[in-house]
Amino acid sequence: MTEILPHVNDEVLPAEYELNQPEPEHCPGPESDMAGKSDACGGCANKEICESLPKGPDPDIPLITDNLSGIEHKILVLSGKGGVGKSTFAAMLSWALSADEDLQVGAMDLDICGPSLPHMLGCIKETVHESNSGWTPVYVTDNLATMSIQYMLPEDDSAIIWRGSKKNLLIKKFLKDVDWDKLDYLVIDTPPGTSDEHISINKYMRESGIDGALVVTTPQEVALLDVRKEIDFCKKAGINILGLVENMSGFVCPNCKGESQIFKATTGGGEALCKELGIKFLGSVPLDPRIGKSCDMGESFLDNYPDSPASSAVLNVVEALRDAVGDV
């Protein structure tokens, strides 16, 4: 028997704790053994709260590990800056993988304050149901399932205004309680930059194993500056970097097939950055205005425009990504 989950509210998702102010720089973390004790805690308005929180191993992590044990490959989609097409690429990656009928694919939207995967995957009006086996994800196709906070909002344009503790609790629920069953791939779309969501997902999934991160950028230096920070975060957090994809890399006219550079790579672009930092360059994807149209319609751009240079480029990136995780 299944039932529809109620909309997200304080009763359904109570905060584990509420801090008096956002965590300061060099904060050891409210749940760490050094919470309230480190040098960074001196004078912090949260000191007493952090000291009172329970310490020790998180009892939910074994449950998360068990729930995700049937998932073969787990991929984080990251970007240093917003607006580079990270969520768009996460959606196209999900469409591309699920085009193989032998693969079972899940898409988890962890951009909690700006969820967009449901719209791009064409299931914006769906709701989440709960059964004895947990939360049932929304199925886009027979072999593509998705989960997002968007399905739990009272209105499509309802704002999510949460601090880190409540975000962490929702991430735990998605990892621990969603009945993904057996998947070949779980694509995890994250917010831009490095935030609570990134730290939490790495902490909660460390034991279950993350194959690595796919980093999305655009060619211009202003985007690459933040990508360098994202890559540094991955290295410090012990997250394997599967590779980098340069999105919006030129514009190919659908009529004359001529190519123009809209966002010029003033410092060499993504490929040069990969050579500099010693990470894998998965490929470049050119601009195609029809990508945005397909996302707005909740349809697969790859199916709608298979002859587009952008479609070929995306499929090449997906092939390189599958090779990077050993799925050949």
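Cβ atoms are placed via backbone N, Cα and C, with glycine included.
Model, not experiment: these values are computed from the prediction.
Here is what Swiss-Prot records for this protein:
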BINDING   C27, C41, C44, C50  [4Fe-4S] cluster 1 binding site
BINDING   G80, K81, G82, G83, V84, G85, K86, S87  ATP binding site
BINDING   C253, C256  [4Fe-4S] cluster 2 binding site
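The structure, with features from Swiss-Prot marked on it.
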{"residue": "C27", "record": "[4Fe-4S] cluster 1 binding site", "Cβ neighbours (10 Å)": "18"}
{"residue": "C41", "record": "[4Fe-4S] cluster 1 binding site", "Cβ neighbours (10 Å)": "19"}
{"residue": "C44", "record": "[4Fe-4S] cluster 1 binding site", "Cβ neighbours (10 Å)": "18"}
{"residue": "C50", "record": "[4Fe-4S] cluster 1 binding site", "Cβ neighbours (10 Å)": "24"}
{"residue": "G80", "record": "ATP binding site", "Cβ neighbours (10 Å)": "24"}
{"residue": "G83", "record": "ATP binding site", "Cβ neighbours (10 Å)": "10"}
{"residue": "G85", "record": "ATP binding site", "Cβ neighbours (10 Å)": "22"}
{"residue": "K86", "record": "ATP binding site", "Cβ neighbours (10 Å)": "26"}
{"residue": "S87", "record": "ATP binding site", "Cβ neighbours (10 Å)": "25"}
{"residue": "C253", "record": "[4Fe-4S] cluster 2 binding site", "Cβ neighbours (10 Å)": "11"}
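A Cα-Cα distance of 29 Å separates C50 ([4Fe-4S] cluster 1 binding site) from G80 (ATP binding site).
For G83 (ATP binding site), the spatially nearest entry among the binding-site residues C27, C41, C44, C253, C256 is C253, judged by CA separation. In this structure, the CA atom of C27 ([4Fe-4S] cluster 1 binding site) is 49 Å away from the CA atom of C253 ([4Fe-4S] cluster 2 binding site).
The Cβ centroid of C27, C41, C44, C50 marks the [4Fe-4S] cluster 1 site; residues of that chain outside this set whose Cβ lies within 8 Å of it are E23, P24, P28, P30, A35, G36, S38, A40, N46, K47, given in sequence order. Compared over the binding-site residues V84, C256, the count of CB atoms lying within 10 A of a residue's CB peaks at V84. DSSP assigns C27 ([4Fe-4S] cluster 1 binding site) to coil, not to a helix or a strand. Within the same chain, residues at least six positions away from G82 (ATP binding site) with a Cβ under 8 Å of its Cβ are P192, G193. The shortest Cα-Cα distance from C256 ([4Fe-4S] cluster 2 binding site) to any of the binding-site residues (C44, G80, G85, K86, S87) is found for G85.
Among the binding-site residues listed here, namely C41, C44, C253, C253 has its C-alpha nearest to that of K81 (ATP binding site). Cα-Cα distance from V84 (ATP binding site) to C253 ([4Fe-4S] cluster 2 binding site): 20 Å (rounded to the nearest whole number).
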